[in-house]
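Pulled from TrEMBL, these are the features on record:
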BINDING   A:37, A:38, A:39, A:40, A:41, A:69, A:107, A:137  4-amino-2-methyl-5-(diphosphooxymethyl)pyrimidine binding site
BINDING   A:70, A:89  Mg(2+) binding site
DOMAIN    A:11-189  domain 'Thiamine phosphate synthase/TenI'
């Protein structure tokens, strides 16, 4: 059975401290999140490992998938269900070779990157964006808009696409209308006053 | 049989370009190097993986061990013999769990760090330093001197110690006299006019 990619909530230890994390996971699970992705670009690796172990435990408790951004070694060390890599991370071929049992997400920001990615092993889903301007990812590529999202999604038939970048309850309807399998968010949920309600709002309009 | 830890040459793709690397490995192998360690803090990961695959091949061709600094995922992806981690990298327990077949080196810069490290699984060797001031590692801890090296080496009997940090042919005799299993160098070999001769000079005084 294909995983439910509907709503990826990215979790940064710098935004959600470890002590707050279990309650946060419970809230987003109630709101309908299906995937947690650990993404701690500024977190020291030993701390990231401890956080990831705890996050994976909470994810399992609530029936969510637990992925790790970028670092396959942290994913393996913390028993993650998968890893999400970008174009400047470990190549998908290397991930599949080292960890054939893990789910694999791959970021793609243009038709050129998509064409290049199709020469390697297929990931389990594509992370496509940034759809809208975002402040959460300093190294995000050019904004592609809903039209760019639609074009990239159409270029790899059958591949689940998870839209990312500046997605908020206010603009999510157009994203779902583009035919995506899911949306991924950072600040829209982790800085929301009510993360559960934010998740519910993001899932409005899902086909 | 215990590996020969005598002379670790750290290889940075930013200093030794890929085109130069095979000749460089041949030269240091002739000079007596026993271990190559890939360390590319500023190299994008896809490039580091390509470089590591090629470095591993050259290492095998010349009978040297091939280790990767810091990134266990890159070590696994490039078929390395081992990984070298610091106090701020993946903890030894995680490395042993994920990759029990790999050799493991662990950096230790003080008796406190050594005491903390002894609570986890033992590595295959300790990297101890910086023995002398060095310009090659921006995040190196305080200089420990030969006396500090001797004290740390004595604190874990039977554990091979590889000294690192500012080691040059001119100061290596005192390092060998401290009873180490090996020395590790970056600039002393990779920026030498004659890397083979630099290796030979570093091995002078080895017991």
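Each position is counted from 1, following the chain as shown.
Cβ coordinates come from backbone N, Cα and C, glycine included.
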Subset of A:38, A:39, A:40, A:41, A:89, A:107 (binding-site residues) with C-beta under 8 Å from chain B: A:89
- prompt: Do any residues at least six apart in sequence from residue A:38 (4-amino-2-methyl-5-(diphosphooxymethyl)pyrimidine binding site), in the same chain, have a Cβ closer than 8 Å to its Cβ, and if so which, in order?
  reply: A:10, A:11, A:13, A:48, A:51, A:52, A:55, A:66, A:67, A:68, A:69, A:74, A:78, A:80
Field: In the chain carrying residue A:39 (4-amino-2-methyl-5-(diphosphooxymethyl)pyrimidine binding site), residues 6 or more apart in sequence that have Cβ under 8 angstroms from it
entry: A:10, A:11, A:12, A:69, A:70, A:186
- prompt: Whole-number Å distance between the CA of residue A:89 (Mg(2+) binding site) and the CA of residue A:37 (4-amino-2-methyl-5-(diphosphooxymethyl)pyrimidine binding site)?
  reply: 16
Message: Under 8 Å between C-beta atoms and at least six apart in sequence, can you list the same-chain neighbours of residue A:37 (4-amino-2-methyl-5-(diphosphooxymethyl)pyrimidine binding site), or say none if there are none?
response: A:8, A:9, A:10, A:11, A:66, A:67, A:68, A:69, A:84, A:184
- prompt: Where does the mean pLDDT land for the domain 'Thiamine phosphate synthase/TenI' (A:11-189)?
  reply: 96
Position of peak Cβ density within 10 Å, selected from the binding-site residues A:69, A:107: A:107
